[in-house]
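As given in TrEMBL:
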TRANSMEM  A:12-33  transmembrane segment
TRANSMEM  A:40-59  transmembrane segment
TRANSMEM  A:79-103  transmembrane segment
TRANSMEM  A:110-130  transmembrane segment
TRANSMEM  A:176-196  transmembrane segment
TRANSMEM  A:217-241  transmembrane segment
TRANSMEM  A:261-282  transmembrane segment
TRANSMEM  A:294-314  transmembrane segment
Amino acid sequence: MPDQLVYAMEVTLNGLMAGVMYSLVALGFVLIFKASGIFNYAQGVLALFAALTLVGLQQGQVPFAHLINAVFGTDLHHFGWHLPAVVAIALTAGVMVLMAIAVEKLVLKHLVNQAPIILFMATIGLAYFLEGFGDVMWGADIKKLDVGLPQGISETIESVTADWFGYGFFIDNLDIVATVVAVALVTALTVFSQYSKQGRALRAVADDHQAALSVGISLRFIWVLVWSIAGFVALVAGIMWGTKSGVQFSLSLIALKALPVLMLGGFTSIPGAIVGGLIIGVGEKLFEFSIGPMIGGATENWFAYMLALLFLVFRPQGLFGERIIERV
Amino acid sequence: MKSKFTTAVVTAIALAGPAMADLVVPNLSYRTGAYAANGIPYADGFNDYFTLLNERDGGIGGEIVQVPECETAYNTEKGVECYESTKGMGALAYNPLSTGITYQLIPKVTADGITLYTPGYGRTSAANGSVFEWVFNYPANYWDGASVAIKYLLDENGGDLAGKKVTLLYHNSAYGKEPIRTLQALSEKHGFELQAVPVDHPGQEQKSQWLQIRRDKPDYVLMWGWGVMNQVAIQEAVNIRYPMDHFIGIWWSGSENDVKPAGDGANGYKALTMHGTGMDYPIYADIQKYVVDAGKAAGAGDMVGTVLYSRGMYAAMVIAEAIRKGQEIHGTSAVNAAQVRDGFENLEITEERMAELGLPQFGPPFAASCTDHGGPGAAMIQQWDAAAGTWNSITGFIAPDDAVLDPLVAEDSAAFAAENNITPRCQ
């Protein structure tokens, strides 16, 4: 088989894997937009905050240590424990639920019936607040995140593809785990929304706020629920991306990789977030591989948006989004 | 009532700003945003050095140094705002730790008559003092770094790089593109094959780049990265099992922050450095006594001795020595910005002086001049020991290949002079 074709296959597989990583971020946006019509600008920062909290709890870091030490003249830094990853993840999920409650009580409750742009602006404020809050709470240094996920080349895939094609493919074990987690997450979310009482209520609110309220569904509870789930999804995204680069404040910028996925897949579809992620991932990687070297490389960021725009021209609601028809 | 209010406001402004007689060196820092993890130790080192001088020596020449800090978040527009908002305080010199901000400030400082000091970053050709009167970038710049890296590789390969493949992995920005021209010239001279691979900001996703490196199998990878790009690149290099001792970063890709997230896999990674690191310098005892223990440290005191803290401290030390030189030349302790510029231009840092400052063998000795604002350009190679968690210098200071660099600096600065109608001085 010609080398270029084999390389293109390797690039395609890696594009699919990268797409899954983008989808993990995009899922959080979709959940909140679907349930409340809010484009949550803070989703990337939620992933950062969740990852910071996870590392902080796992390593026994004293929250607000710098502030406490500065005010009281103490020298506190660590509690002296190292929690097992599962416990730390569970506790962090709990923190994300508490944050969802706080967001509902302190922000969303006061903005009921406001225009979507007002709610969007509120999430911008929330993003900046959370970034600063995370900084004061856990510090801005880069933290190594280790929850036991495997990283590095999959030797099995390398060996098998070497036998088949004469060239061993590179697939990162972390990407394989991310794919499994994404499949499990989407399955769990689908089962939850289809078969649980709360899931049905969530879908009812997504379909029609007014009708859902008229049958006794609590909008406030739904908001807490959906922000909690989005917080959990952000935690998963934060773990995957944080394992790759360490937990640091640039983690919030992963939201930039989710936007073209949302534009392409649609803001209201969970399968759309996955399929959109895969198309963006493969598209940008193949373009970089085939055309990038001719035009100086570094094409992925803009190509993802160009691809999304191209889809928008033909399907403004995205591949799986709901078509919005407003009658005058 | 109105006059009381006005008096109160005027008093508050007067108290909030530096006293008129103080020496003012603004710190355009970034403690927030995507690059905060690097900005914080650098800013701490910068501030702590001036605090040490104030607390131990009563300032410089008897004048207290004020270091008003302004947050840029590594954003060029904010950096310019910071400059505009602090220059009226009587600023003597700026060190914005950003090549993007530096490019914007060069015409401004030239018009305002304030020194811009950019050690190891910024516009490389600012080393030509005959064109860039108000900009200094000693002891080394990006082109020096590129040349030193290649000289080190020459040493490693018996003086011959012919037929070798060298990949430059660079941040796709003004900063990252700086060494390309030099490396192209060096590749022509030494016969190695150069491939430049860009990574877009912020560099969180580098799969394509590392698949390409894995396919191309370069003999060496050089990296011009910053922030998360460094951590991801080092992790990806570990993932594809690239030999870490063949992977060399510029000094902005060689801090503890860059290697620790990759754990043991980063062991053996190399980086350039233009100064020493670690705690084996007498100055740290004074910083502990007069700054940290006195509760006057800029941060929590936990960054002392790290690579970026050391670099911020070094930058502050050079500025302090330039102020001291300006005072000496003009016979006054209350120097102004123009007098401090004279101090920068006539600055001589000897090994004896470095030892007096508590920093023996920390940086290369150099002497600036009207034409030479760039210094010797020498740098060391350090290597990461993951088990010990330390950087170890594995070479002495290596001088760059000036035969290649001087014409490039002359060409670039001449172009700048032509674009800006600058008549070169002191030639």
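Residue numbers in this text run from 1 along the chain shown.
Cβ coordinates come from backbone N, Cα and C, glycine included.
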(message) Short question: most Cβ pairs under 8 Å with the transmembrane segment (A:79-103), which of A:110-130, A:217-241, A:261-282?
(response) A:217-241
(request) For the transmembrane segment (A:110-130), find every same-chain residue at least 6 residues outside the stretch whose CB is under 8 Å from a CB in it, and list them. (result) 36-42, 44-46, 48-49, 103, 219, 252
(request) Can you tell me which of A:12-33, A:40-59, A:176-196, A:217-241 gets the most C-beta pairs within less than 8 Å of the transmembrane segment (A:261-282)? (result) A:12-33
(message) Assess whether the transmembrane segment (A:40-59) lies in contact with the transmembrane segment (A:176-196), where contact requires at least three Cβ pairs under 8 Å among residues 6 or more apart in sequence.
(response) no
(message) I need to check the long-range neighbours of the transmembrane segment (A:12-33): which residues 6 or more away from its ends have a CB within less than 8 Å of a CB in the stretch?
(response) 39-40, 43-44, 46-47, 169-172, 175-176, 178-179, 181-182, 185-186, 189, 226-227, 229-230, 233-234, 236-237, 240-241, 254-255, 257-258, 261-262, 265, 267-270, 272-274, 276-286
